[in-house]
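Here the structure comes first, spelled out in structure tokens, and everything after it is commentary.
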Amino acid sequence: MLVMIREDFREILRLVRPGARVLDVGCGEGALLELLTREKEIDGRGLEISAHGVAACMARGLSVVQGDADQDLDHFPDKTFDYAVLSQTLQATRNPRHVLDELLRIADRAIVSFPNFGHWRVRWSLISRGRMPETKALPMPWWSTPNIHLCTLADFMALTEDLGVRVDASAAFAGNGPARPIDPTTALENWRSETCLFLLSRGAPAERVEPSAVSGDLLIP
Amino acid sequence: MADLDLDVSAPLGGGVWRFPADRPLVLDSGARIGGLEIAYQTYGSLNEDGTNAVLICHALTGDQYVASTHPATGKPGWWTRLVGPGKPIDPARHFVICSNVVGGCMGSTGPASTNPATGQAWGLSFPIITIADMVRAQAMLIDALGVDTLLAVVGGSMGGMQVQQWAVDYPQRVFSAVVVASTSRHSAQNIAFHEVGRQAIMADPEWRGGAYAAQGSRPEKGLAVARMSAHITYLSEPALQRKFGRELQRDGLSWGFDADFQVESYLRHQGAAFVDRFDANSYLYITRAMDYFDLAAPHGGVLANAFKAARDVRFCVLSFTSDWLYPSSESRHIVRALTAAGCRAAFAEIDSDKGHDAFLLDEPVMDAALTGFMASVERERGIGR
């Protein structure tokens, strides 16, 4: 069976150093952890809120703990990991600021992706219909979405500045299209980036990693 | 089994293994038990690499008959849900070992055994034992069985305490550890319930200062009450309500103290059945061992420090939402310590309304998690399926 890799997973796969210690927060059924373990031989751990997801991870042989980002990150010691991944979860946390802070306490680098509420489709939906947007990146109605702290690219940049966090790499996705390098400081990006992904750190300035320019689906047997 | 080229001293299949007098069990209290006898069962056989041994640790009133008919009750093994053909732990792939703990009463040396020095039952002259002592005795047994490392040590409740102790005391001999519905130390409430049980036994006039065996009596009433009170802690209010509610035994009330309610008769039955298979003094000693258990205590009270030695052990911790004896918060405490110690820990809180006893009952999510976990440790250990 051929499994197509999610575009943001492919980008994360590219950013993570082989053999690194990785924590995937909100790891679901462990698809990303399994991919990273297979392709990059990482020493992976996961945190997942649903028992169903944890059981699926166990069946894959992954070390995944049931818990949530808001409460359980506090129990990890400083610098336990090389990377902490928070993929499409930040907007569902109660205290995104605290979670982001914790990610960079327990790991040298954080890889964070979220749907950009500043995307033109979202803005258009609000302006034209006056209703909470339902887009590909934000598919659920307002009353059932787990997303409680939506933000725009500009909001996120302001938070990283506030927290003294440096952006080492950034990429944008639309649908399941290939990753596109972005310059988050340009106003235009806030209009056209549907989903954003950032490599963040607190250490000394690191070499800036450019997102992959190669496209085409990576197929894994 | 015949094709195995092993120096196996204790016979496969099971029985009672008696250690030579010059190999005593050294207890935490400093006492020594010479000529230690450990009763055990084995299923399956050790592979050529010696990598497929799985030790099952039983709970407070459990025994070695994990997957075979109990000789006293005629009931099936207590964990046939998990151990058996086609189960997560399968004698076709694993060399399964389950022993009766030291201090027990199903063939292992305990307070009901004869003290060689006096020719009488030990009674209260039996030394106080701990969870670590139980584990030390199990380690002696697996040595005698020719097993060097264990693919997995698996246990629920008190068995889960032994599993943690194994990982801390013998990390190099334990590849993976499965802790189900357990705790790293007893809460005040846990100790309180055990104290009620012990006091019930000791209040029975037939207990006779623990020397009942020598005097030809048995504190059956006290032991039955101990079991009844403990049994309530193994269930949950929804489970009791679903099973019995306020249903009566017969038409109308007796206007007396007969067992009017079905739940009363159920508990009386549980108590009465228990005295046929369990020794009152063993109950005292084993509950004491559980109360004394505190894995963090020798490590400055920091559980993570206890687990530091076990960094390479793969842990699987499972808890049940309705378990109020060892609630999920206890398991989370263990998992956080494992995380802080840098151990590999998987943890799932399983949604169940069956209370603490859920670990012995039909819980498909537990089965699935364990199946997956065992498959992954076998892969890592290089055992083909």
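Heads up, the Cβ atoms here are built off N, Cα and C, so glycines get one too.
Quick look at what TrEMBL annotates:
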- B:SER157: active site, nucleophile (ACT_SITE)
- B:ASP323: active site (ACT_SITE)
- B:HIS356: active site (ACT_SITE)
- B:ARG227, B:ASP357: substrate binding site (BINDING)
- B:52-361: domain 'AB hydrolase-1' (DOMAIN)
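When Cβ neighbours within 10 Å are tallied across all protein chains shown, the highest count among the recorded positions B:ASP323, B:ASP357 belongs to B:ASP323.
Cα-Cα distance from B:HIS356 (active site) to B:ARG227 (substrate binding site): 15 Å (rounded to the nearest whole number).
With respect to their backbone Cα atoms, B:ASP357 (substrate binding site) and B:ASP323 (active site) stand 8 Å from each other. The residue listed as 'active site, nucleophile' is 11 Å away from B:ASP323 (active site) when you measure Cα to Cα. In this structure, the C-alpha atom of B:SER157 (active site, nucleophile) lies 16 angstrom from that of B:ARG227 (substrate binding site).
All chains included, 22 other C-beta atoms sit within 10 angstroms of the C-beta of B:ARG227 (substrate binding site). For the residue listed as 'active site, nucleophile', other Cβ atoms within 10 Å of its Cβ number 27. For B:HIS356 (active site), other Cβ atoms within 10 Å of its Cβ number 24.
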